[in-house]
Amino acid sequence: MTLTRYDVMVIGAGAAGISAAREAAAQGMRVALAERSKLGGTYLNYGCDPTKALLHIARLRHQALHAAPYGLRIPEVAIDWPGIQRYVHETIDKIQGGAPAQAREQLRQCGIELLEGEAEFVSEHEVGIGGQLHDAARIIVTAGSHTIMPTVEGLDHIGFLTNVEAVSLSRLPRSLAIIGGGPIGVEFAQMFQRFDVQVTLLDQAPTLLTNEDREPALILHEILTQEGIRIKTGVILERAERALLGKRIHFRDASGHAQQLEVEEILLATGREPNLEPLHLEAANVQTAKGRILVDATLRTSAPYIWAAGDVVGTHFTPTASAQGMRAARNALAHQPQPFNIDIVPWAVFTDPPLAHVGKTEEQLRANGIPYRVARTWFKDNTRAILNGHTKGLIKLLIDEQNQILGAHILGERADDLITPIVLAMHNRLSIEHLTSTTIQYPTLSVSVCAAGIHTTLGQG
């Protein structure tokens, strides 16, 4: 093996890895970025970005088909699936920086050397990739994750889709069962339903989106049901088999009754687990627990010169992974490392309307006995929402005794953008009065963000 030395090596070129590599290179380090598959990782190539393009197209079609109240009558909006796929793939290429060679050149210009192949630790400072041995003073692990395979008898035998296949299908199925009611599951459910696929969403949890605040999550559940998505929660999946229409799933519903569902295709959206096995972390004395890498508040692992970020530490949202990757790189090069505060990193479920979230949920505050007040405003009371015809949803703020914002949850038009001023307020420890006293352009949806704190009610903490 030939030994090559680097100041910083990053393993995994997804959201966290690219963020970490760019930060280290910006500080003048000699940086290597190892990737075994495509640049951008799951989220750029098979997850976050392509699904958002598909959701955008599905929303355009939905709006066209429901434009009659505005005086626009469009009797049919035909689906050109090959054309849709072409648009998605061309758009992802643009985001990547063009062809793969161009993307690599962009990295090179930033001072980042791309190493293609499977990475595995040989020691705390040495990593083998494609028969070559590489040495790094500091290593950041951002190796991403893969779909969790549920234990359903026969499922592996009859075949299934994951997000990788779902974003590049050659044709649309007539019917689809989606297993999993998290963000990935509900986004795919709405998207495929709006492309005239009959979708049934099966979730073993008692409610959809268990990591979200219950109030907006239940409203979103109702919105998805109204669009024709068949949602069954609290189910127990038993077995799967081939059937006349394609595939059949046997399960028990929330009441314990035996049920069958026959569909053309099955999509797994059962969550993700870190890609740890190929890394041989034991060779570097990196400790893990419950399938993820253990890190301290500064994202340092049990090995003093190795940090980790993103999916491998249990973070499954692109903005969180990107922020963690940058913080890990800064801490790896800092004399005084700073803790990473996940409570002020937002995320969103990109349904229509979207559901955005930062900080604590009401359920978390109540479980921990933390006193709080609830501030709400509804989109049905916002002039711009009424003018646009998008009045479903609410803005919900959770406020402590010092009028600091503990959490914010927005379900409604442009919620994924409207969460930003609240993130800024939380980051700078601004009180709720700073929002309510801010003058906002009229008529805009942002008016409701600033008005949310005017009327508050006592929480149950």
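Using the three backbone atoms N, Cα and C, a Cβ is placed for every residue, glycine included.
Its own atom aside, the Cβ of Asp311 (FAD binding site) has 31 Cβ atoms within 10 angstroms in the protein chains shown. Taken from TrEMBL, the feature FAD binding site covers Lys52, Asp311.
Marked as NAD(+) binding site by TrEMBL: Gly180, Gly181, Gly182, Pro183, Ile184, Gly185, Val186, Glu187, Gly271. Of all the Cβ atoms in the protein chains shown, 25 others lie within 10 Å of the Cβ of Ile184 (NAD(+) binding site).
Sequence annotations record features per position, and here TrEMBL assigns domain 'FAD/NAD(P)-binding' to 6-325. The predicted model assigns the domain 'FAD/NAD(P)-binding' (6-325) a mean pLDDT of 93.
Marked as domain 'Pyridine nucleotide-disulphide oxidoreductase dimerisation' by TrEMBL: 345-446.
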- Message: What does the structure give for the C-alpha distance between Val186 (NAD(+) binding site) and Lys52 (FAD binding site)? Integer Å is fine.
- Response: 13
- Item | Secondary structure content, the domain 'Pyridine nucleotide-disulphide oxidoreductase dimerisation' (345-446) (per DSSP, counts of residues) | 33 helix, 29 strand, 40 coil
- Query: Within 8 Å of the Cβ centroid of the NAD(+) site residues Gly180, Gly181, Gly182, Pro183, Ile184, Gly185, Val186, Glu187, Gly271, which other residues of the same chain have their Cβ?
  - Reply: Ile178, Phe188, Leu208, Leu209, Ala269
- Including all protein chains displayed, how many Cβ atoms other than that of Gly271 (NAD(+) binding site) lie within 10 Å of its Cβ? 15
- Task: Within 10 Å of the Cβ of Gly180 (NAD(+) binding site), how many other Cβ atoms can you find? Include all protein chains, please.
- Result: 24
- At the level of the C-alpha atoms, what whole-angstrom distance separates Gly271 (NAD(+) binding site) and Asp311 (FAD binding site)? 11
- Item | Neighbourhood of Lys52 (FAD binding site), C-beta criterion under 8 angstroms, separation at least six | Phe350
- Task: Rounded to whole angstrom, what's the largest C-alpha distance between any two of Gly180, Gly181, Gly182, Pro183, Ile184, Gly185, Val186, Glu187, Gly271, listed as binding NAD(+)?
- Result: 13
